[in-house]
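If you check TrEMBL, you get these features:
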BINDING   Lys172  ATP binding site
COMPBIAS  7-48  compositional bias 'Polar residues'
COMPBIAS  435-447  compositional bias 'Polar residues'
DOMAIN    140-416  domain 'Protein kinase'
REGION    1-84  region 'Disordered'
REGION    421-456  region 'Disordered'
Amino acid sequence: MKKRSKTTSSYSGSENNSGTSHGLYQSSVSRNSTYTERSNYTAGSVQSHRSKSRVENKSFPRSLTSCFIPRSGNTKGDDDDDDAMVEESDASFASISKKSIGSNSSVSQFRRRDSDGNISLRELPTQFSIRDIYRATANFSTANKIGQGGFGSIYKGKLRNGSLIAIKRAKKNMYDKELSAEFRSEIETLSKIEHSNLVRFLGYLEHEDERLIMIEYVNNGSLREHLDGNRGDVLEILPRLNIATDIAHAVTYLHEYADHPIIHRDIKASNILLTATLRAKVADFGFARLTPDNPDATHISTQVKGTAGYVDPEYLRTYQLTEKSDVYSFGVLLVELVTGRRPIVHGKDQSERMTTKWAIRKYKEGDVVIAMDAKLRRSPASVAAVDKMMKLADECMHPSRKSRPSMRKCAEDLWVIRRDFQQQQQQQQRKSEFSDSSNKNTTSSLKESFPGLREE
């Protein structure tokens with residue numbers, strides 16, 4: 001696992017308001033801007049020191065380049081699990097400013113940040129107390145509870161100036177060795193990342209038996225909720241391709257562009273949050289691991305953690321964690337986007353219980369349309385896009401990690417799939433309009449020739 005040079009990058013490309021380009025490819029790509037260096041900070045026991053180093057110029061699609069450029073200044077953006085965990089025992093935009101939080105401090109400090117639509121444009125306070133958090137959540141009222149996980153519960157909080165944030169509240173037995181390690185791991189990881197498709201870290205607070213992490217509030221639920229039909233309208237194929245591309249951008253950033261490469265280790269639909277404009281943000285870094293400093297290291301030897309159905313089987317077998325373990329999980333997620341199903345569906349026949357095996361089998365038999373989510377509209381363009389998505393998913397889930405593509409390659413392939421889908425869809429629309437026009441002209445001509453004719 002080679003150590004990568006970070007912090008200064010020479011990629012650039014124009015961005016739309018969502019931070020990623022969903023339009024068609026444009027061949028002229030500028031690669032002359034500089035990746036913004038983030039400042040040093042101290043947060044509890046977490047410390048990060050960034051160095052100025054260069055990332056080699058590489059050519060890749062514009063939609064991918066623009067994704068790695070941090071924003072600066074005030075930017076207007078978008079609008080405001082029951083998964084079985086697998087554990088074997090024993091185991092954010094604009095620069096992050098200085099934070100200093102003692103282990104028993106009642107004050108959390110975090111930088112004022114620009115909005116991406118979910119946090120108010122009004123300035124967040126630079127510091128607040130545990131009393132402020134209790135007030136914001138109405139003493140952690142169940143009415144403000146928006147999520148639950150192995151780490152604890154997640155609450156929506158409304159600050160006195162009207163800004164909305166999300167607060168992850170650790171379970172009270174946080175002094176349990178594994179849960180405490182998860183809390184520290186999430187803080188350490190979140191404090192090192194800044195990307196438009198990752199939830200933003202705002203700060204953390206430790207007060208007596210309270211362990212709290214403050215993050216960006218994303219108001220449109222999880223991808224899993226949308227696929228289950230519990231949120232919003234049906235996601236058609238283009239929004240699903242946009243979401244897949246956003247996730248691929250985010251994980252590519254973690255693997256190749258974060259100051260210290262990160263393996264997420266829990267990529268799944270319930271950890272993908274959606275904004276009001278269906279922009280995807282990867283969340284939940286409790287299982288994340290930093291890659292080794294040793295440039296010759298090829299993997300991390302660690303206990304297996306993750307979610308059943310998403311965990312890389314090679315990682316399960318060897319206890320060796322690599323970036324390709326995230327690639328495997330991403331392949332499972334692609335199958336979810338195509339089928340709408342969870343990875344393991346209880347109550348189905350044995351042949352269909354494991355969604356990935358069933359869907360890949362249908363794809364290889366040439367019956368990918370059978371595996372498509374019943375809620376998706378069928379058209380030559382959508383079926384062709386789904387077929388290509390399943391091909392990529394199959395590559396991502398290859399039994400050997402060495403044969404899996406990188407997340408960068410996944411992002412590039414998805415960009416091409418999305419472009420081809422849009423072009424084919426436009427061609428179909430033009431043909432349909434031409435056909436309608438021809439039929440009308442034919443009907444008009446017949447009426448002129450035979451005035452007695454009438455339409456049914």
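Cβ atoms are placed via backbone N, Cα and C, with glycine included.
Over all protein chains present, the Cβ of the residue listed as 'ATP binding site' has 12 other Cβ atoms lying within 10 Å.
Note on the domain 'Protein kinase' (140-416): mean pLDDT across this stretch is 90. Annotation note: the residue listed as 'ATP binding site' sits in a coil segment as assigned by DSSP.
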